[in-house]
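To start, the structure under review is shown below, and the notes come after it.
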C-alpha cells in the first residue's frame, strides 16, 4: 500500500491545482456555500447559501423559543400549555439536529470537492453537474417522504413519551390547568419504592415474561409439529389442509378473541355449559380466576398464533431438498435424528429472526389481553389486573387512571426491554452481519 | 419363544400396514385440529343466524336460522355498520397504496444504492421497527389531543402509514437483496434511468413480497381496534373493529348475535383476499425470512 501511494503522488495529474486548499474551502464553508463558490461552483454555492439563510431566518426564533420552552415548560398556568411547549421543544431539537447534519454535509462537501480539484478534477457544465447531483441525490429522494413521515408519526411521539416520563403529568396536575415540572427520575424511583407500585410492577413484569415465553413457544411448537405432519408425501389434499390450518390467521384476530371471550364466559359460555359441565359436572371460572384466565389466554393465543408460523415453516420445508433425507436414510438415521439434524436446523436457520419477532409481538400483544377480559380479574393490593401485561397496564394507567407520567415511564422501561432483546438477537442474525460488511 | 413373537409382530405390522396406520394417525390429528379451528368459527356463524339477540337462549341448530341480524345491520337506522365499513375501506385503501409505494421506494434505495448515511438509516429503521407505535400510545393520545387531530380518520391513516414503514421496508429490502444486481446494472448500461429500472425491472420481480406488504397493510385496519380506540371518538367515525367492539362492550350478551353477524361480514372478504394471495403470501414470507 505505501508504495502505491508514492506512485500516485509521483504521477501527478495534468490538471492538478496545488494551490487549491481543501482546508480553506472547508473554513470558508463555515458560512454555508462560500466554500463551494471557492471551488468555482457558483450556482451550487449560491443555492446552498440561500437555503441555509432562509432556514436560519425562518427557524431561528422557533428553535430558540422552543428550546427555552422545553426548559421552563411554561410559566403561567391556564395561559401556557406545557404539552405544546414540550412538542415545540422536541420539534426544535429535531430541526437543530437536521441543521447540524446539513451543516456538516456542507463542510465535508466543500472539502471533498476542493480535494478533487487539487487532484485535477474539473467541474463540468451546468447540465452535467445537475445530472451528477441527481444521481447522487436520488436515494435521498426515494427515502425522503417515508423518512419525514417517520419523524413526525413515530419519532416525535416516542420522544414526547420519553420526555413525559420525567415530568409530573397526572390527573391532578394536568395542562392547560397546571404547569408541568421536570421531576427527574422521580417516577422511576416511585415505581420501585412505593409498595403498591412495586408489587404491581414486578407481578405484571413477571407475568408478561411468562406469557411471552409460554404462548409463543407453544405456538411455534404446534406450528412445527403440524408443518412436519402436513409435509408428509403420503398425505392427500395437502392444499386444502394447509388452507384450513392457516384459516385462524385469515380471520381478524379481534373477532376471534371476542368470540372466544364469549365462549369462555363463566356464566353462559359454551365451553362451560357444553363441555366442562356435562363432562366434569363443574364449571371453571375462566374470567374471574387469575390462573384460569391466564390459561385461557395462552390457549387462545396458540390458536391465533400458530398459523403464521405454520405457513412459514411449511414454506421452508417444501424447499428442503430430498437428498438430505435420502442420505440420512442410507445411514440408517432414525426419525428423531432426521428431525434433529436436518429439519430443525433448516427451519431455525431460515426463520430464526422472524420467530424472534413473534416473541416481541406477544410481549406487546395488547389486543388479546384487553379484548378477553380487559386485563382482569382485579387483584387485591395492586393497580393492574391479573392478566395485565405491561402494555395493557400502560393503557389502563393512561385511559382509566390518567397517570400519564407513570404510564410514560413504564412505556420507556418496556421500550428498553424490547430494544435490548431485539438488538442482541438481530446482531446475531444473518442480515445484520451482512450489513456490517458494506 | 422370542423368535415366534418376532415373526408374529412382523406379520402383524408389515411396512405397508405401518405406513397406513401412520397416515391414519396424521389424519386423526388433523381432524382434531380442524375441529378446534372450526368450532369457534362455526359457533359464531350459528349465533349470527339466530333470531334472538340473546346468548342465553341462542341455539346452534340450523333449523330456525334466519338473516335477521344481517338485515338489522344494513337497514336499521340505529346501525352505523355501513358507515364503519366505508371508513375502514377508506383507511385501508389509502394506507395500502401509500405504504406500499413508500416502502418500495425506501427498500429500493437501501438495497440498490450506497449513499452517505445509509448505514445509520438502516440502524434507525432496525431500531424503530422494534417499537410498535402502540408503545407511544400515551404520547399519541396527548399529541393528537393537543393538535386537534383526534377523532379524525386522517390522523389514524398517518399513524398507520408511519408505523408501517420500518418493518415493511426491511422485509422488502431483504427480498430485493436476493435479486441479482446484474439485472439493473445491464439496464443502466442500456441507458435506463433510476425510476425506469425501478418500475420496469425490480418492481415486477418484487411482486410477491409487495403483495404480502399490501395485504398486511390492507388487513391491518380491519383487525386493529386499539389505535382507532385511541384516535376516534364519535361512532360515525369508527372503523369496523372499534364499532363492533363497542357493540359487545356495551351489553355483552344482548348484542352478541349482531356482533357475530358483523364479524362474519368482515371475516369473509379478508379470508378470501388472503386465500387468493396464499401462494404469494407463503413464498413471500419464506423469502423475507431467509433474509430477515
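Cβ atoms here come from the backbone N, Cα and C positions, even for glycine.
Note: TrEMBL annotation is automatic and uncurated.
For the ranges A:188-208, A:209-229, A:314-334, the feature annotated in TrEMBL as transmembrane segment maps to A:209-229. Using a Cβ-Cβ cut-off under 8 Å and counting only residues 6 or more beyond its ends in the same chain, the transmembrane segment (A:140-166) has close neighbours at 70, 86-87, 89-91, 93-94, 182-185, 187-188, 404-405, 408-409, 411-412, 415. Ranked by Cβ pairs under 8 Å to the transmembrane segment (A:404-424), the stretches A:84-105, A:241-264, A:291-313, A:342-361 are led by A:342-361.
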